[in-house]
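Take a look at the structure set out below.
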């Protein structure tokens, strides 16, 4: 399971409300918020699964 974050980071996120569960067991509201967190973590954050944790 993966998400393409190549176009991130983005300065602002629209609220898509498509939850993603990260490897930190945190639920991200959408791909934008998740991908921005991946960039901030220098790629250490990964996707556990789609949906809430």
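Glycine too: its Cβ is placed from the backbone N, Cα and C atoms.
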N-linked glycosylation site per Swiss-Prot (candidates: 25, 42) | 42
Could you measure between residue 21 (disulfide bond) and residue 13 (disulfide bond) for me? Cα positions, answer in whole angstrom.
-> 17
Give me the Cα-Cα distance between residue 53 (disulfide bond) and residue 32 (disulfide bond), rounded to a whole Å.
-> 17
Starting from the Cα of residue 5 (disulfide bond), work out which of the recorded positions (13, 32, 42) are within 10 Å.
-> 32
Residues in the domain 'Kazal-like' (3-53) per DSSP class, helix first, strand next, coil last, are 10 helix, 9 strand, 32 coil
